[in-house]
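> Submitted below is the structure of interest, expressed as structure tokens.
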Amino acid sequence: MTNIRKTHPLMKIVNNAFIDLPTPSNISSWWNFGSLLGICLILQILTGLFLAMHYTSDTMTAFSSVTHICRDVNYGWIIRYMHANGASMFFICLFMHIGRGLYYGSYTFLETWNIGVILLLATMATAFMGYVLPWGQMSFWGATVITNLLSAIPYIGTNLVEWIWGGFSVDKATLTRFFAFHFILPFIIAALAMVHLLFLHETGSNNPTGIPSDTDKIPFHPYYTIKDILGAMLLILVLMLLVLFMPDLLGDPDNYTPANPLNTPPHIKPEWYFLFAYAILRSIPNKLGGVLALVLSILILTLVPFLHTSKQRSMMFRPISQCMFWILAADLLTLTWIGGQPVEHPYIIIGQLASIMYFLIILVMMPAASTIENNLLKW
């Protein structure tokens with residue numbers, strides 16, 4: 001009798017993806033973040049579903065409905081803070097996952113990489129719209145500032161912004177549609193994640209050496225299932241430490257003040273995971289230029305596979321490229337810090353230099369480093 005796991009139409013898909021999947025024997029903990037992202041997504045959908053049962057997407061009651069969730073709903077506070085801090089964990093895993101892809105040359109799987117970039121954009125859109133829903137000061141002004149950026153688009157800009165707002169300012173219509181989109185997008189992300197996985201399983205996983213590992217594969221279960229469970233336990237540990245001991249560490253105190261269109265907060269800034277892009281946006285004095293730089297700061301990832309000049313796939317044996325990679329990581333941390341600072345000297349010039357460095361490293365310095373390494377190896 002054949003195993004039902006290998007014959008049943010549905011079980012067969014699960015089996016080939018998570019049980020009998022041939023996996024490189026040497027993939028490190030950097031390969032854990034894919035499964036952690038899946039866990040984050042499931043966690044966000046579940047906590048979000050329970051929050052949506054009590055939330056009202058009306059400007060008059062949105063803020064008080066969130067207060068009601070925290071004060072009156074059974075374990076509402078933990079659901080709310082798991083959702084808010086779950087988003088932070090999601091982005092930490094995302095950045096680690098992308099960093100792994102850049103370091104080990106995983107971007108040469110073109111379809112997988114490009115769907116990953118689309119997933120990043122969709123997740124950023126979802127997180128932005130979710131931040132608007134509590135209808136605090138930073139929710140309102142963040143929504144106003146970020147949607148207003150579209151007015152920089154020539155000719156159609158103003159009409160486009162008013163169309164998104166559903167009126168002449170961020171108001172009831174905006175909040176309602178943001179709630180609708182915030183609810184539907186995670187399911188689109190889940191579908192895209194399945195396509196992401198589908199394309200990955202066409203080629204098989206990369207590994208730290210960047211050398212094809214067809215001659216040395218092991219089954220995913222039990223080796224990597226147990227490894228993923230360890231990763232998941234660590235993820236949940238960090239998340240629960242945040243939720244139970246410092247739930248507001250990564251939030252903005254301004255969001256505990258109800259939205260007031262007549263009172264602008266002194267420093268409008270998004271959540272920490274958008275600060276690097278926000279710093280790039282602010283570092284260009286021209287509005288349209290800033291918006292283009294903001295969009296390109298993410299879309300530049302689609303160019304990375306075409307800028308790969310090295311004869312080796314991974315950076316494991318390329319010290320100069322490794323140096324460039326870690327300079328890029330430090331530059332992104334600098335941009336994140338600058339994004340949270342007021343627009344004044346010396347932060348302006350630091351932000352401008354860090355923004356130039358960001359594009360310079362990816363577009364010029366990394367390909368140049370690869371070429372130098374090729375020549376040093378006489379390839």
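Just so you know, the numbers here start at 1 and follow the chain as drawn.
Glycine residues also receive a Cβ, built from the backbone N, Cα and C atoms like all the rest.
I grabbed these lines from Swiss-Prot:
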TRANSMEM  33-53  transmembrane segment
TRANSMEM  77-98  transmembrane segment
BINDING   HIS83, HIS182  heme b b562 binding site
BINDING   HIS97, HIS196  heme b b566 binding site
TRANSMEM  113-133  transmembrane segment
TRANSMEM  178-198  transmembrane segment
BINDING   HIS201  ubiquinone binding site
TRANSMEM  226-246  transmembrane segment
TRANSMEM  288-308  transmembrane segment
TRANSMEM  320-340  transmembrane segment
TRANSMEM  347-367  transmembrane segment
> When only pairs 6 or more apart in sequence are counted, do the transmembrane segment (178-198) and the transmembrane segment (33-53) reach 3 or more Cβ pairs under 8 Å?
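As far as Cβ distances go (cut-off 8 Å, pairs 6 or more apart), the transmembrane segment (178-198) and the transmembrane segment (33-53) touch.
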> Between HIS182 (heme b b562 binding site) and HIS196 (heme b b566 binding site), what is the CA-CA distance rounded to a whole number of Å?
21
> For the transmembrane segment (226-246), could you work out the same-chain residues 6 or more beyond its ends whose Cβ comes under 8 Å from its Cβ atoms?
29, 32-33, 35-36, 39-40, 78, 81-82, 85-86, 88-89, 93
> For the transmembrane segment (320-340), name the stretch out of 77-98, 113-133, 288-308, 347-367 with the most CB-CB pairs under 8 Å.
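Stretch with the highest Cβ contact count: 347-367.
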> Give me the Cα-Cα distance between HIS97 (heme b b566 binding site) and the residue listed as 'ubiquinone binding site', rounded to a whole Å.
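That separation, Cα to Cα, works out to 17 Å.
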> Can you tell me which of 33-53, 113-133, 288-308 gets the most C-beta pairs within less than 8 Å of the transmembrane segment (347-367)?
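If we count Cβ pairs closer than 8 Å to the transmembrane segment (347-367), 288-308 scores highest.
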> About how far apart, in whole Å, are the alpha carbons (Cα) of HIS196 (heme b b566 binding site) and HIS83 (heme b b562 binding site)?
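Taking the Cα atoms only, HIS196 (heme b b566 binding site) lies 24 Å from HIS83 (heme b b562 binding site).
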> Could you list the residues of the same chain, at least six apart in sequence, whose Cβ is under 8 A from the Cβ of HIS83 (heme b b562 binding site)?
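Sequence-distant Cβ neighbours: GLN44, THR47, GLY48, LEU51.
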